[in-house]
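For reference, Swiss-Prot has these:
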type: ACT_SITE; residues: Asp92; note: active site, nucleophile
type: ACT_SITE; residues: His427; note: active site
type: ACT_SITE; residues: Asp479; note: active site
type: ACT_SITE; residues: Glu488; note: active site
type: CARBOHYD; residues: Asn337; note: N-linked glycosylation site
type: SIGNAL; residues: 1-31; note: signal peptide
Amino acid sequence: MTVMNHRHKQCHFLLLLLITVFSAALDGVSSETDVGGFDYGEALSKSLLYFEAQRSGRLPYNQRVTWRDHSGLTDGLEQGVDLVGGYHDAGDHVKFGLPMAFTVTMLSWSVIEYGDSLASTGELSHALEAIKWGTDYFIKAHTSPNVLWAEVGDGDTDHYCWQRPEDMTTSRRAFKIDENNPGSDIAGETAAAMAAASIVFRSTNPHYSHLLLHHAQQLFEFGDKYRGKYDESLKVVKSYYASVSGYMDELLWGATWLYRATDNEHYMSYVVDMAHQLGGLSWAMSEFSWDVKFAGVQLLASMLLKEEKHKQHSKVLQQYKSKADHYLCSILNKNINGTNVQRTPAGLLYVRQWNNMQYVSTASFLLTVYSDHLRKSNTDLECHEGTVTPDEMLGFAKSQIDYILGSNPMETSYLVGYGPKYPIRVHHRGASIASFKEHKGFIGCTQGYDNWYGRSEPNPSVLVGALVGGPDHQDDFDDRRGNYVQTEACTYNTAPLVGVFARLIELEEQKLEEEDVSLVATYKR
């Protein structure tokens, strides 16, 4: 760089700085307030940190959540298989395969859509680590083409105890699906997770990407050939993660992601030819979750319409689009006949009482992704009650995120560790008991209930980045450890936020660039 160019850049920077300071002084507000008032970069960083707190297994040297230690090091030993690793789903220590796989799918989708934004913030490596921690476990759990270990631990015995994961004395028995005990739902979701992750690692780790794709294809074939609900084969899961929607949505979901990962017409034909039989065109949804994937399938399928090579499938894809539009319009309060999603008085989407925030985060993600799709296509969303522009869709998603971060009647951030006020008694065994690093003495099964569970004091460790269940239908929130309906957090709550935060960071940067250009133009005049 020449001295002249260097001085020119310095002068330009000082000019912009002076204009920005002068403008902010006139307005009486900070530039942060101008673009929304929330630090989405901080929220993104903290959301990714949460997954490190949920890790099971031997923790790596670069573990950032230092109040955790190794746990579950004999998982699978009883069955003669290595099942060390993976994630605890929430505030307990069972490793439930179905919600874990959905978590990884959503993390991968976030990176696929907003990887550049994640890279610009320095968080891409953490996102990749979060995904790989899950997919490494899935590789272990898929021990042969038609066998998938679906769960480690028993929810009943696990919930009887209140212990740190480092002290676990509960059963670590593992449960599998196979040809005689099918589980098309968990096989399909795990296939989706590994297919989506294969896209993520395609350029940076092609060998690993190929390995993931191989497992994904085998799992999908297994799930499709030997059909059945996993909670019918494994009764132990029924009280915790029952597959209420069945397995049809997961088969379509897995095929859709395999098509995105391979561009193989076989999977495209499956999504089209099986659309009616598997309910893809009959179910008009108002939720998207670890159990119900139809809205995700419908949205992904509708996005294929813009590609000329899918012209032969346009009739079925258009039907998928109609169902995707129904979901989006229901979220935006633009449907008729009472099919809109309920909202709290302050405007939060409200699907059901237990862990409602999971539906808010997934809805915000789908709105965000589809708004970008419509913007690129230069089209709007057509609903029964009017047209919605891409900017309006993204704006509503942002309103939900801002509610989560503190713009709500309780003035509470429901993302733990973000902002001046957030839940301090999260329903989480590890965080609610003194850290193993500071208190190495063994804490027994019921000792945790006796000495820690009922305390009114804040948790000794902050579960940074966890999205708790959230407020009730009146925007009220009771921060008690025993109020697990509202204060328990889950990995699949936070995972979709990663993509939305990344997109909102882009939005902020765009606004700042536009303001800079406008201010410079005004100054020159």
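Each Cβ is built from the backbone N, Cα and C atoms, and glycine gets one as well.
Known features from Swiss-Prot, placed on the structure.
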residue: Asp92; record: active site, nucleophile; DSSP class: coil
residue: Asn337; record: N-linked glycosylation site; DSSP class: coil
residue: His427; record: active site; DSSP class: coil
residue: Asp479; record: active site; DSSP class: coil
residue: Glu488; record: active site; DSSP class: coil
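Considering only the recorded positions Asp92, Asn337, His427, Asp479 (active site) has His427 as its nearest partner by CA-CA distance. Cα separation, Asp92 (active site, nucleophile) to Glu488 (active site), rounded: 10 Å.
The sparsest Cβ neighbourhood within 10 Å, among the listed recorded positions (Asp92, Asn337, Glu488), is found at Asn337. For the pair His427 (active site) and Glu488 (active site), the Cα-Cα distance reads 5 Å. Comparing Cβ neighbour counts within 10 Å across the active-site residues His427, Asp479, the minimum falls on Asp479. A gap of 34 Å separates the Cα atoms of Glu488 (active site) and Asn337 (N-linked glycosylation site).
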